[in-house]
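As structure tokens, the structure follows; a few thoughts come after it.
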Amino acid sequence: MASSSSSASRTWRYRVFTSFHGSDVRTSFLSHFRKQFNNNGITMFDDQRILRGETISPALTQAIRESRISIVLLSKNYASSGWCLDELLEILKCKDDMGQIVMTVFYGVDPSDVRKQTGEFGIAFNETCACRTEEERQKWSQALNYVGNIAGEHLLNWDNEAKMIEKIARDVSEKLNVTPCRDFDGMVGIEAHLRKIQSLLDLDNDEVKMVAISGPAGIGKSTIGRALHSLLSNRFHHTCFVDNLRGSHPIGLDEYGLKLRLQEQLLSKILNQDGSRICHLGAIKERLCDMKVFIILDDVNDVKQLEALANESNWFGPGSRIIVTTENKELLKQHGINNTYYVGFPSDEEAIKILCRYAFRQSSSRHGFKKLTRSVTELCGKLPLGLRVVGSSLHGKNEEEWEYVIRRLETIIDRDIEQVLRVGYESLHENEQSLFLHIAIFFNYEDGDLVKAMLAENDLDIEHELNILVNKSLIYISTDGRIRMHKLLQLVGRQANQREEPWKRRILIDAQEICHVLENDIGTGAVSGILFDTSGINEVSISNKALRRMCNLRFLSVYKTKHDGYNRMDIPEDMEFPPRLRLLHWDAYPSKCLPLKFRAENLVELDMKDSRLEYLWPGTQLLTKLKKLNLEGSYNLKELPDLSNATNLEMLDLSVCLALAELPSSIKNLHKLDVIYMDLCESLHMIPTNINLASLETMYMTGCPQLKTFPAFSTKIKRLYLVRTGVEEVPASITHCSRLLKIDLSGSRNLKSITHLPSSLQTLDLSSTDIEMIADSCIKDLQRLDHLRLCRCRKLKSLPELPASLRLLTAEDCESLERVTYPLNTPTGQLNFTNCLKLGEEAQRVIIQQSLVKHACFPGSVMPSEFNHRARGNSLKILVKSSASFAFKACVLISPRQLQCERNQRRVKIRCRVTDGRGRFVGSKVVSLEHPNHSTGIRTKHLCFFNGVLTEVSCDALCFVFKISAYNPLDNYEISECAVQILTNEPERRSCDGGSE
């Protein structure tokens, strides 16, 4: 049986094809039939239009295939024509292959005679079959039996032939009206959505099923619902699409009256009876319980709507399907709808296609608009509604006009988009709206626990309110626990905030308005937040009492989107901050310390990035609510305050605090500290010892050259970055760090040896150190070690025995490396010994003997003897026996021809393509030699080895072609020699030829 989607995607030349016996109906019934269809605007194929001289049978066959509906007029002489019977076979074939609709009319003949080929109809059939084969007879007989079972109009059941023709024409019109249309052809991603929803619908199951389509506003739920209605309607007795349910709340109706009105609307639509009136709520069940119906309830926003229209499955006949589209997932739980298709955002590629369809009327951007297209797609957040509306507005616009729209989109949402998205916001209660606004303005992409701490109030169940926003698809919680709101919804929130009356406005975000409020001390208790971008303002002087009247101010964020180096805010040293502050974010804070009267007991986050602070405050503050402390870039900061009470602090950022020399001993109390950033603390030399922070997992201390002692803050630590420090040794106590996964000591030149490592370690980076020795015992037992990086360890002479778990060994530019311990236990690893020019022959043999290694590279110019199939140049042909598969090992000699760039050679790719003797593709392999930062790349001749497998080899010759390309297009390498070793099913004959392409 053809799928409905196949018929939906076809172009039909004719609405109707009629199969008939001419002498029975052409000048009587058929002529009236044609006239009625013409009056109804239904195009029929007319066999009288066939040009003379054209073979009639192929022309009719083509006409059948190009018709949406075929009507078979079965008269007493229909079976006397082999031509008619062949038409019937073609019609039924089109029904199966293309989803063509078949209707029947029994004109002066009994359906039973058609099915059984009896009576006068049977006599005519037997006469036709007399000169035909038994196979033809069987095919015709089966076709007549099938078509005789199709319920159709029977002339004997009608007193008036004209009325019967009107009824047939009306039925055809209805079928054409529900015929899958072309409205959704070419809609990006629609086919994938329809395919997935159809699997949920399980259309072959006779149970009644309710399925939901859920997702945020503007994602395309209604569009998908309409496409489904178009696609599947012809599979049901009655169908209807009930739209605008969100607005179905007539004034003056109680709940019972509302439900009656909704049921009347549904029955009027599905039964095609305008003005249906009912007097009780059992009407839908009474009228539809034995009908197979397909109903789509669009934009449902109240469970009462579902109770009125689809309260129970037994309201509908077997095989019925009810689809509900909604943004509210909680509503679906309340009604017990468990089968839900959640409409996700399109991929980057699909989003660009959607935009281009409307902006350029094609699926890709025009020349010169690629970057602009990506910018618009990003600003629309890949929301289909936004892409459609903005794309349509950009149609025919030049690049300058596109750039104007992009600048506008950063702060203002299109009215048509806002009209749709604002509905969700307006459906919220006051507390929920307040939460929505605060997330939109302050806390999008923030950690959920942090947001709860920021917004928690005694009278507000923040967890419950967040769940409401999630269930209404206004936010979602990412897998890492962050609260995320769509960019366009953020703009909806900002504009909703700005529409409030100034004296009622809860959050101030307009820079000029904020300046006016602060300069004139006219803030009010209604203000809970200030988001102040100082980039575009003139100089503003703030009095010490500017914030005092804002007694409920909890969130203060002062920042610059454009950093020009100028401080435009003049603030007094004794400025009063409201005591209820939970968020204080002030980029480039201009004073040496916070005011003496500053109270921090309610602070959840203190962010003073790039400040001029030398210290925060004297003495000890109550900091039990503080979770984040960010002082990054505070060059002048000399000391931290007493943090004894900051027992809930989770993140501490001291990066680029150039003057900070030591950490306070009170840091030992930070038992919830998860991550600490101290990169580029160039003066830091003293850290507390003998402390064990229970929660610390990650420590960043890159670029702390004065730090000589290995920090031992926590035995629970997972990641430790000590890049370019003055650390001289790794202490034995590190073996107690049983959760440590990664240590990066690269660039720590004082490190000479390493003797102790924890067994949990997965990644170790000792690159650019002066390490001379790695103890055998500390590496070989690391059964989880995955990556070992030793680049530019210029004093390292030998490698210890390595664990079998190792997948990547990078020892590039180890100029003194001579020995590699045998066996090299890396059966499936990648071994990079680029520019290890002193690597001995014995070490090279150890590397070569790793037969299953993913790939390996080291300096050399002589092909190993075990590669018995070899050739000069980059191609090689081998004669083989046919086999199910071949495993092979390849070796290529890489010669640098031209190196323009001495540093940052990040990648060299080697491609191997295998064809048979006739040039047909057999298999391929791509090897990428990743070089670390600041690598000089391959400077001399190198041998590169890699493995491959060829499956289903059914030829007697294989041709290997190798190509090499560099990340930097200015560099030029060549493959001067290549070789292959067959590891299984060794061919009897040697290679025949080779050469360069």
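Cβ coordinates are placed from backbone N, Cα and C, and glycine is handled just like the others.
The domain 'TIR' annotation in Swiss-Prot covers 12-176 and is backed by sequence analysis.
Under DSSP, E87 (active site) is assigned to a helix (H, G or I) in the three-state scheme. Residues or ranges marked as active site in Swiss-Prot: E87.
Here Swiss-Prot flags 191-447 as domain 'NB-ARC', drawing on sequence analysis.
Helix, strand and coil content of the repeat 'LRR 1' (194-218), in residues and according to DSSP, is 8 helix, 6 strand, 11 coil. Look at Swiss-Prot and you will find 194-218 tagged as repeat 'LRR 1', backed by sequence analysis.
Through the fold, the repeat 'LRR 2' (534-557) approaches residues 438, 442, 454, 507, 511-512, 515, 517-519, 521-528, 564, 568-572, 574-578, 580-586, 602 of its own chain, all at least 6 residues removed from its boundaries and within a Cβ separation under 8 Å. Per Swiss-Prot, repeat 'LRR 2' is recorded for 534-557, and the stated evidence type is sequence analysis.
The repeat 'LRR 3' (600-623) scores a mean pLDDT of 94 in the predicted structure. The repeat 'LRR 3' annotation in Swiss-Prot covers 600-623.
Summarising the annotation, Swiss-Prot assigns repeat 'LRR 4' to 624-647. Look at the repeat 'LRR 4' (624-647): DSSP puts its residues at 0 helix, 4 strand, 20 coil.
Taking H, G and I as helix, E and B as strand and the rest as coil, DSSP gives the repeat 'LRR 5' (649-670) the counts 5 helix, 4 strand, 13 coil. The repeat 'LRR 5' feature in Swiss-Prot is assigned to 649-670; the stated evidence is sequence analysis.
Shown for the repeat 'LRR 6' (671-693): DSSP residue counts in helix, strand and coil, namely 0 helix, 4 strand, 19 coil. The annotation repeat 'LRR 6' is assigned in Swiss-Prot to 671-693 on the grounds of sequence analysis.
Long-range contacts of the repeat 'LRR 7' (694-714) within the same chain, counting only residues at least 6 positions beyond its ends with a Cβ under 8 Å from a Cβ of the stretch, are 650, 655, 671-685, 687, 720-731, 733-734, 737, 739, 750. The feature repeat 'LRR 7' is assigned by Swiss-Prot to 694-714, with sequence analysis given as support.
According to Swiss-Prot, the feature repeat 'LRR 8' maps to 715-737. Sequence-distant contacts of the repeat 'LRR 8' (715-737) (same chain, six or more residues past either end, CB-CB distance under 8 Å): 679, 692-709, 743-748, 750-760.
Look at Swiss-Prot and you will find 758-781 tagged as repeat 'LRR 9', backed by sequence analysis.
Annotated repeat 'LRR 10' per Swiss-Prot: 783-808, in sequence order.
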Original post:
So, by DSSP, how many helix, strand and coil residues make up the repeat 'LRR 10' (783-808)?
Top reply: 0 helix, 6 strand, 20 coil
Original post:
Counting only residues 6+ away from its ends, which parts of the chain sit with a Cβ under 8 Å from the repeat 'LRR 5' (649-670)?
Top reply: 614, 623, 626-643, 676-688, 691, 693, 695, 700
**OP:** Mind tallying the repeat 'LRR 8' (715-737) by DSSP state, helix then strand then coil?
**Re:** 5 helix, 3 strand, 15 coil
Original post:
Once the chains shown are all counted, how many other Cβ atoms turn up within 10 Å of the Cβ of E87 (active site)?
Top reply: 24
